[in-house]
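The following features are taken from TrEMBL:
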type     : residues : note
COILED   : 9-100    : coiled coil
COMPBIAS : 104-126  : compositional bias 'Polar residues'
COMPBIAS : 136-147  : compositional bias 'Polar residues'
DOMAIN   : 16-100   : domain 'GDP/GTP exchange factor Sec2 N-terminal'
REGION   : 104-155  : region 'Disordered'
Amino acid sequence: MSRLRSSSLEIKEKGTEFLREQLDAAQKELKLKDEECERLSHVRNQLEQELEELTASLFEEAHKMVREANVKQAAAEKQLKEAQGKIDVLQAEVSALKTLVLTSTPSSPNRQLHPQLLSPGSSRASSRPFGHTRNKSASGALQTEPTNPEKDTVHHDRELDSVLFAEFLSWKECPNLERSSAFISRVYREDIGPCLSFTSAELSQSVQRCVENNSLTIEPVITSSLPTDKNIHQGGTNGCWTPIETKCALSGLTRPCRHRIKLGDKENYYYISLSSRARITAVCNFFTYIRYIQQGLVRQDVQQMFWEVMRLRREMSVAKLGFFHTEHS
């Protein structure tokens with residue numbers, strides 16, 4: 001019995017010692033795992049913090065890039081708008097210059113009557129209130145009516161016609177050259193048609209079409225080299241000289257023809273008298289100014305525009321009656 005008891009105690013002690021060793025090993029392993037978990041938790045926290053910082057940085061960078069892109073886009077759109085505005089202005093100026101230049105060649109530069117639009121604040125505008133004038137050329141150019149009030153010996157009172165002004169205001173809202181407009185239709189009926197109505201009806205219609213299309217060429221004739229043979233017809237070609245006294249192609253009357261016209265790109269020239277040229281020039285003046293208004297180049301109030309249009313209409317009426325000015329008159 002004593003042996004059994006001692007064996008049992010011994011087994012019990014060994015079992016207890018074994019269990020204690022197992023427990024110590026388990027505790028050590030658990031401690032290691034706790035340390036590993038703590039380390040991994042620390043790493044996770046560090047990674048989460050770095051991820052948050054990286055995300056915030058990326059968002060900030062993205063917002064910065066978006067802001068910069070928006071600023072650049074706004075600047076580009078502004079530059080594009082400014083460039084388009086400059087292009088429109090340049091196109092309008094080029095178109096306006098085309099309306100000014102009737103013809104110009106290296107051997108005979110054009111010095112035809114050039115209208116000039118004056119801004120209301122300029123010194124020239126103060127002396128020429130309507131802002132649209134033509135200068136004389138060096139070749140006996142015409143001016144249908146003096147535009148400088150200081151040189152005009154006749155002073156006219158004026159009163160605004162409500163019907164004419166209303167028609168002009170309606171046209172001014174959407175300026176064009178269509179005859180459907182009451183304003184343009186009236187000018188054609190009362191001024192342009194009668195002013196360009198010559199004896200040669202067919203040629204008159206061709207001249208009117210070219211004036212409307214801005215394709216009419218008027219140039220002075222060099223008289224110093226002209227022959228005295230009066231049998232040369234009025235519709236000669238480019239190389240045909242015409243005497244000073246010859247038949248006007250439009251009126252059919254024998255008159256001093258110091259200018260000639262060409263219709264579009266046709267080769268034939270037609271020699272015209274001073275009176276015929278004055279009538280054509282008066283209509284060209286009107287179309288030039290109307291095109292300036294249409295292109296937005298006239299910097300005046302609407303009443304100043306209206307009175308300038310009335311002055312140009314008066315030029316056409318006066319020219320139709322046979323009155324015109326030369327640089328020697």
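Any Cβ shown, glycine's included, is placed from N, Cα and C.
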Take the domain 'GDP/GTP exchange factor Sec2 N-terminal' (16-100) and count its residues per DSSP category (helix H/G/I, strand E/B, coil), listing them in that order. 85 helix, 0 strand, 0 coil
For the domain 'GDP/GTP exchange factor Sec2 N-terminal' (16-100), would you mind checking the mean pLDDT of the predicted model? 85
